[in-house]
Amino acid sequence: MIEIEKVCVDFTAGRGTPTRAVDDVSLHIAAGEIFGIVGTSGAGKSTLLRTLNALTRPSQGRVNVNGVEISALDGKALRQARQRIGMIFQHFNLMHTRTVAKNVAFSLKAAGWERSKIAPRVAEILTLVGLADKANCFPVQLSGGQKQRVGIARAIANHPDVLLCDEPTSALDLETSATILALLRQINAQLGITIVLITHEMNVIKSICDRVAVMSGGKVVESGEVFDVFAHPQHAFTQQLVSHTLNLTLPERLREHLPGQLLKILFIGDSAEQPVLSEVAIKFGVAVNILHGKIEYIGERALGILVVQLTAPHNPTAVAAAVEHIRQRTAQVEVIRG
């Protein structure tokens, strides 16, 4: 579906030294998947996204969409290729002097639809995004979430194969963000549209994406299935993002002053549902104190992380045996202190 091959993007201000915004990125995005690109501001993710519809041209490398090298197109051929690629934005980009229906109709007129087919398609797509009753409203009368729904309706009205989402929830509150992500998931499942989404929030990635690429300094530093990236982050930057998302930082005071051994335990799949800690308490006679933890469900797979304290003041070898038992029954054990 989408092939990004060794893409670099350089920007030059005046006669200054070029700044490399995207640095040697290669990715394959399969048809029908929801692919996320995550990174902090300035990571290059927006620039990379814009190469997929040639709003930004690569300085080096190639971008192929549906078997066509879109990075090499211009004129009529580029306009035709872009009709198969919808895009939504952080700040909606609606025409404020036109109604909701006319905002959506505009994209169909621009694509050359017959006049008689535009109104039925507008009604159909507004029903899909839950705005059938807002067709004659103006953007100023809408909430932020409703405005983004108009943006989505406009982007998918022309039956695109690909939908590009540029920080689609960053201007919205948490509850509204969840409804927009649910709508995107519905569109992907119902229409089979490939979605490429960029965000700075790992929670968005966790909620909606099948696979993810992590960007830092213009490079993709890690990519893979979302569950695997959360469960086994390899790059230090990814580890930082995941740790911040799961919020498992232990206060330094506890790390320094609590007796016994401190462990961070990763549970995956079935192991997240087993009474491993109860087993070690009974079998080895150690005291188990849960200091921090949570179980997340990514897709339908459980990912549990616990920070625990193990103590056995009169039997130090019991703690070592308990740790070894936990290692055998869980995905990963990290000794924080002890």
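Just so you know, glycine gets a Cβ as well, placed from its N, Cα and C.
If you look up Swiss-Prot, you'll see 2-242 marked as domain 'ABC transporter', on the strength of sequence analysis. Annotated ATP binding site per Swiss-Prot: Gly39, Thr40, Ser41, Gly42, Ala43, Gly44, Lys45, Ser46, in sequence order, evidence recorded as sequence analysis.
Cβ neighbour count for Thr40 (ATP binding site): 13 (other Cβ atoms within 10 Å of its Cβ, all protein chains included). Fewest Cβ neighbours within 10 Å among the binding-site residues Gly39, Gly42, Gly44: that distinction goes to Gly42. Look at the Cβ of each of the binding-site residues Ser41, Ser46 and count the other Cβ atoms within 10 Å; the largest number goes with Ser46. Neighbours of Ala43 (ATP binding site), defined as other CB atoms within 10 A of its CB across all chains, total 24. Excluding Gly39, Thr40, Ser41, Gly42, Ala43, Gly44, Lys45, Ser46, which define the ATP site, the same chain contributes His200, Met215, Ser216 within 8 Å (Cβ to the Cβ centroid), listed in sequence order.
Counting only same-chain residues six or more apart in sequence, the Cβ atoms lying under 8 angstroms from the Cβ of Lys45 (ATP binding site) belong to Ile37, Val38, Gly39, Ile198, Met215.
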